[in-house]
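What Swiss-Prot says about this one:
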{"type": "BINDING", "residues": "Gly60, Gln160, Ser181, Phe182, Tyr183, Pro184, Thr185, Lys186, Tyr214, Tyr221, Asn229, Ser230, Arg231, Tyr316", "note": "pyridoxal 5'-phosphate binding site"}
{"type": "MOD_RES", "residues": "Lys186", "note": "N6-(pyridoxal phosphate)lysine"}
Amino acid sequence: MTTYVWSYLLEYERERADILDAVQKVFASGSLILGQSVENFETEYARYHGIAHCVGVDNGTNAVKLALESVGVGRDDEVVTVSNTAAPTVLAIDEIGARPVFVDVRDEDYLMDTDLVEAAVTPRTKAIVPVHLYGQCVDMTALRELADRRGLKLVEDCAQAHGARRDGRLAGTMSDAAAFSFYPTKVLGAYGDGGAVVTNDDETARALRRLRYYGMEEVYYVTRTPGHNSRLDEVQAEILRRKLTRLDAYVAGRRAVAQRYVDGLADLQDSHGLELPVVTDGNEHVFYVYVVRHPRRDEIIKRLRDGYDISLNISYPWPVHTMTGFAHLGVASGSLPVTERLAGEIFSLPMYPSLPHDLQDRVIEAVREVITGL
């Protein structure tokens, strides 16, 4: 049987009764769109973060898009972000007519290099979008100081960082607005698509509610454009309510899996060139994915697949600026050297809180055999 980096089935077996009860509760309520479950989830997710507002939306991509629009980013504005991210981060910027401006990432933790951001700011820059990648947070203290000094908006992409902290503060609480994805693989994942934006600003929250509902503030009357059909549905909201009560347990489970990898693979770092994740000072990592690094990555992945039936992911094999869909940005190859080097060396080991010990041990043993045999 093939081993994959993620599976929801073991988690579902444990939570089946609660998940099915959530679905039945919604179906029996008589309300499928923007009903009590969405309202309750928004209240509870905001409370978890100690923040004033949460607005549920239909997916993480639109969460980033609506977050940007809600703080006033629009056509021809520039937004500083990274290319070492999932493409939807950049798609969200591009779709509203703004221009992504890329800075490189740090070699040690693969996060936005905040020392490079100010040099990327121009008179057209309106916002910065740091991506809390793989489960740990960018240095938001540095970005907040810069944003305030230069009059810029700060929008966190928290799709991979539910429950993560930096200097004691939760991801999503360190900006003007913060976008979350509840795609099924996430640390807090739905059984389908979902997203949310959190903010402490009343007017931003009002704009978000209008933006997700066609630009309407009352039924059938468009108050202001743009407007979208971007609502979190009741079924996913009710499932997320149930799973939110277990978020800290999910995080603890992921950290335990990460520690087991450290115990089983750490000695290969000095002897055989395998690099394990570095947890930056001040970060409380939630290990959305467990990204390792080796200069012979492609050979390792092939041997694991062909010889051990272990199928691994690469997050991400193509920097966004090198994709043909973003050729119009005109970003030259070689302009982001760390990002481009990482794309040829990083890969992900299986990571989910219900990962069985015997399966993880099989992966560890296989990785050891392959790498020591290179």
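Keep in mind that glycine also has a Cβ here, set from the backbone N, Cα and C atoms.
Location within the structure of each feature annotated in Swiss-Prot.
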| residue | record | Cβ contacts under 8 Å, 6 or more apart |
| --- | --- | --- |
| Gly60 | pyridoxal 5'-phosphate binding site | Pro88, Ala159, Ala179, Phe180, Ser181, Phe182, Tyr183, Gly195 |
| Thr185 | pyridoxal 5'-phosphate binding site | Trp6, Tyr288 |
| Lys186 | N6-(pyridoxal phosphate)lysine | Ala159, Gln160, His162, Tyr288 |
| Tyr214 | pyridoxal 5'-phosphate binding site | Val222, Gly227, His228, Asn229 |
| Arg231 | pyridoxal 5'-phosphate binding site | Ile33, Leu34, Val38, Gly56, Val57, Asp58, Arg212, Tyr213 |
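Of all residue pairs in Gly60, Gln160, Ser181, Phe182, Tyr183, Pro184, Thr185, Lys186, Tyr214, Tyr221, Asn229, Ser230, Arg231, Tyr316, the annotated binders of pyridoxal 5'-phosphate, the farthest apart have Cα atoms separated by 42 Å. Counting neighbouring Cβ atoms within 10 Å of each of the binding-site residues (Ser181, Asn229), the lowest count belongs to Asn229. Using a 10 Å Cβ-Cβ cutoff, Tyr183 (pyridoxal 5'-phosphate binding site) registers 20 neighbours. In the three-state DSSP classification, Asn229 (pyridoxal 5'-phosphate binding site) falls within a strand. In this structure, Ser181 (pyridoxal 5'-phosphate binding site) is part of a beta strand by DSSP.
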